[in-house]
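Student: Below are the features listed in TrEMBL for this protein:
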COMPBIAS  13-34  compositional bias 'Polar residues'
REGION    1-40  region 'Disordered'
TRANSMEM  42-62  transmembrane segment
TRANSMEM  68-84  transmembrane segment
TRANSMEM  105-130  transmembrane segment
TRANSMEM  136-162  transmembrane segment
TRANSMEM  183-205  transmembrane segment
TRANSMEM  225-243  transmembrane segment
TRANSMEM  263-287  transmembrane segment
TRANSMEM  307-329  transmembrane segment
TRANSMEM  341-365  transmembrane segment
TRANSMEM  377-396  transmembrane segment
TRANSMEM  408-429  transmembrane segment
Amino acid sequence: MFKNFATMVSPPKGTTPSNQLDGNKDPSNQQSKSDTPRDGTFPNAGVVGLSFLVLLADFLFWGYRLGITLGLFALAIFAVAALHRKPQTGVIKPALLMGFATLPIFEHVQTLSVVILVLGTLGALVWIRAPKDGRFTWIISAAAKLAACLPFGGLTACAAALGKVRDQSTPPTVFDHLRSKTFWFKWSLPVGGSLILGALLMSANPVLESVVLRVFQIDLNIVKTAPRIMFWGGISLLIWPLLNPPKPQDTISMSLPRLDRKFGVNGGSVLRSLIVFNVILGVQSMLDFSILLGNAALPDGMTYATYAHRGAYSLMITAMLAGIFAIAARPYLKEHAVLKPLLVLWIGQNTLLSFSAVLRLNLYIGEYGLTYLRTYALIWIGLVGLGLVLVLWHVLRERSSYLLIARLAAIGFGTLYLSAFFNFAGFIARSTITQATDTASVDWSYLCQLGPTAQKAVIHGLAANSAIVAPAGFHRCFVAGDGPYNWRETGFRSIRSQLPAPPN
């Protein structure tokens, strides 16, 4: 039956689907220019796998909140895709990537872990179908094309396949077989005999009868059934492009752009810019450190907290732009002898600027406490400062800009990946309570919004600071939703938060 179904939506004989990610370079593929999911030429070898994934999605997601099931379902998609890969393609490295991508979602479901899971899954699915000579740029290009065809790639492929069914006159479809007399002549006796035999056995065995009735019990309530059927259809259309990713026509260029003279970027303009920028930044640095470290007077009516808040984020953005400018100015360093010393001074001053931003933010946190945004800002400022130091080292050692970009990207992605395993809610809650001077200074409303993963940190914080007493009913903030507990909706962090706190 599946063979007939495959012929129903497959291309005519003599043609080859041009948008499959495989390692074979079929000459016939060179003639096809349409390799997007919209041409409806997806292979149908994964129909059984698709059906399995739809049933698994119903079991994992229908009626439950998202949890550890996201990672399990992503692994199932990868496993089905691996079963339908070409024998000559490797699976070890894509499987390792898939494993690393699912670990954060197993720890805790949050925006960051979902993004990591999606990116890792896209990369692993195209990597497993990459040709032997496929380079990193090819994998990135294929993943970008797969992401571009979501979430409507399956819908367009389905519509194109149905159009092919109307246009094809041969071979006969599965529906033609069902209408033929030969089909019923061959199957009437076994089907009818099986029904009669089953009815007799059920009448003789009440246990078998009850089991069969439970298995085939169907709820015909259209209001309840229609959304579930729509869920099955939506899941199948979303999964189909993942099992049959398109092949990129061109790889993404990894070359760094060089701003030409028509944009006003040249050796002379870079020299003048560095002179002016260093002077402005020097004045700013002297004023900053005279206030932050030298106890200089602030303008009338301004507190240290206000001063810190006004400058922390703008200085962080300034340091980021400084790093970008330093990378853009590197190609012109040999045009003037003083360009390199000026660039080193520029990077050094911006590194101090990052330190000043940290001091400002610490002043503000000391006055108003930690929040998610302030915690993320501290991490980001630290990354910017580290990036500037790395840029300075590359300038002094005259290393490649490609290597610099790769190292900066590795530091950024590594920090994001590790952050997915860190309980920021617990860190904020404990820091807020332990550093508070009295109960009134604690923002209990904000702590309540941190959720159940902050429960243990609140308990430890209250135990460490006896001057703080939680308001009545505060424990209700950590109730993890309504209804009974279900493993589908949890993660390792949630499980740990529900375990009893160890005695002091």
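A Cβ is built for glycine as well, from the same backbone N, Cα and C atoms used for every other residue.
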Student: Count the CB pairs under 8 A between the transmembrane segment (225-243) and each of 68-84, 263-287, 341-365, 377-396, 408-429, then give me the winner.
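Tutor: Checked against 68-84, 263-287, 341-365, 377-396, 408-429; highest Cβ contact count belongs to 68-84.
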Student: The transmembrane segment (68-84) and the transmembrane segment (263-287): do they have three or more Cβ pairs under 8 Å, with pairs 6 or more apart in sequence?
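Tutor: No; fewer than 3 Cβ pairs under 8 Å.
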Student: Report, as numbers and ranges, which residues of the same chain sit near the transmembrane segment (341-365): CB under 8 Å and 6 or more residues beyond its ends.
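Tutor: Residues 271, 274-275, 277-278, 281-282, 284-285, 288-289, 292-293, 304-305, 307-309, 311-313, 315-316, 318-319, 322-323, 325-326, 329-330, 333, 374, 377-378, 381-382, 384-385, 388-389, 391-392, 395-396.
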